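J.: Just lifted these from TrEMBL, have a look:
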- 45-295: domain 'G-protein coupled receptors family 1 profile' (DOMAIN)
- 30-52: transmembrane segment (TRANSMEM)
- 64-83: transmembrane segment (TRANSMEM)
- 95-118: transmembrane segment (TRANSMEM)
- 139-163: transmembrane segment (TRANSMEM)
- 242-266: transmembrane segment (TRANSMEM)
- 278-297: transmembrane segment (TRANSMEM)
């Protein structure tokens, strides 16, 4: 590990040392095995869901089209962080260049921003399906679905580019280079900066609000409308049936925004690095694995599509 004492306070930082789980060195092999299995399950489950949506006629609807986009995003999101984290668990030299750190932070922000917009689009899809069932296919036609998906990706990556430019213009690193995290996250990098913390926080909060509050507000508005419609349904069975169509998405939204709030809005998480890392593991490792499972475990359409795909796959191998 490079020295980071007072004698280096004027040093221009060109690379960072990722501390990772430095206080759990004896558990590194076990962590490597557990996170490796989780990563393989995450990639396999999400790619399988994408294949099912692309090949099975019963899943070629707006909801599953957006879900396939979300699965592609989750594969990219976790692949941006986990493979390097796995390698770092097995080595002492955990250095990452300034450029590498910036690239990782960019894709982390871009994919996270895109997920916010995609979840908002998916909540709009559920709003139309429940509140306007007779006009659903007309209002949310194929062209609009493609435009909404492309718009989510473009908005996410554009906002992240603006965020990156603002961060690079406001952050200067001239002292320590030990990042107390397992990837290049913004808060640990802020602690190493010798720039004015007020200006940095102002820029970060402004762009973070743009990324999260707007799509989160749209998501809440959609569910407020859905709740109002569901509560007007006279029968309990009718209410349960209507709400079951959006329950999976609601769980995914709660997991995603819940972990973000724990990491970036709870002061205690910022003050205790171990707690910050634990919460970060949820949205970088656990949540991407849970999403396809949440959508498939109680979903009859996905189970039926999986059954047909398995039959087609077996028939293909026999011919």
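All positions are counted from 1 along the displayed chain.
Just so you know, glycine gets a Cβ as well, placed from its N, Cα and C.
A description of the local structural setting of each listed feature is requested, covering burial, neighbours and distances.
T.: Mean pLDDT for the domain 'G-protein coupled receptors family 1 profile' (45-295) in the predicted structure: 85.
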J.: Which residues of the same chain, at least 6 past either end of the transmembrane segment (278-297), have a Cβ under 8 Å from a Cβ in it?
T.: 35, 38-39, 41-42, 45-46, 48-49, 67, 70-71, 74-75, 77-78, 81-82, 181-183, 185, 248, 251-252, 255-256, 259-260, 262-263, 269, 303, 306
J.: Restricting to the same chain and to residues at least six past its boundaries, which positions have a Cβ under 8 Å from a Cβ of the transmembrane segment (64-83)?
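T.: Residues 35, 39, 42-43, 46-47, 49-50, 53-54, 104, 107-108, 111-112, 114-115, 118-119, 121-122, 125, 145, 148-149, 152-153, 182-183, 252, 284-285, 287-289, 291-292, 295, 301 contact the transmembrane segment (64-83) from elsewhere in the chain.
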J.: So which residues does the transmembrane segment (242-266) touch in its own chain, when a touch means Cβ under 8 Å and the partner is 6 or more beyond its ends?
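T.: Distal contacts: 70, 115, 119, 122-123, 126, 129-130, 187, 208, 212, 216, 219, 223, 226, 229-230, 233, 276, 279-280, 282-283, 287, 290-291, 294-295, 298-299.
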